[in-house]
Amino acid sequence: MHELSLVSSILDIIEDYAAQDGFRRVNNLRLSCGRLSGVDLQCLRFAFEVLSRETRSEGATLEIDFLPIVISCLNCGEDTEVEYVEASCPECGSENVLLAGGTEELRLLELDVD
């Protein structure tokens, strides 16, 4: 369950920001996560609930934006959002494609603090 280490890292980042900016409490945090990252949403929420106890993030609302899977065609230049990884370009049919998005693991985007 790598979600524990991901949440631990996010909480460390929050503590670093708190040391710099002097805030006492996190009300809300927004993360982004690629659809192909392998992060389990339920496990992530559970890990956050457990690991944030007795920290300035305890009770904070956790929002997660999922980033779409995007393939980029090297022939026609189109970047296309897809539901699953495709081996060919939906626009021109070329198999000369690269995975261009959706693999990002986890990123802290926004904090609402007091």
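Glycine too: its Cβ is placed from the backbone N, Cα and C atoms.
As the structure is a computational prediction, the values presented were derived from the model and not from experiment.
Noted in Swiss-Prot for the protein shown:
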type    : residues           : note
BINDING : H2                 : Ni(2+) binding site
BINDING : C73, C76, C89, C92 : Zn(2+) binding site
Listed in sequence order, residues not in C73, C76, C89, C92 with Cβ within 8 Å of the centre of the Zn(2+) site Cβ atoms: L74, N75, G77, E78, P90, E91, G93, S94, N96, V97
Binding-site residues: C73, C92 - member with fewest neighbouring CB atoms within 10 Å: C92
Same-chain residues at least 6 apart in sequence whose Cβ lies under 8 Å from C76 (Zn(2+) binding site): C89, E91, C92, S94
Largest tally of Cβ atoms lying within 10 Å of a Cβ, found at which of the binding-site residues H2, C89: C89
Rounded Cα separation (Å) that holds between the residue listed as 'Ni(2+) binding site' and C73 (Zn(2+) binding site): 32
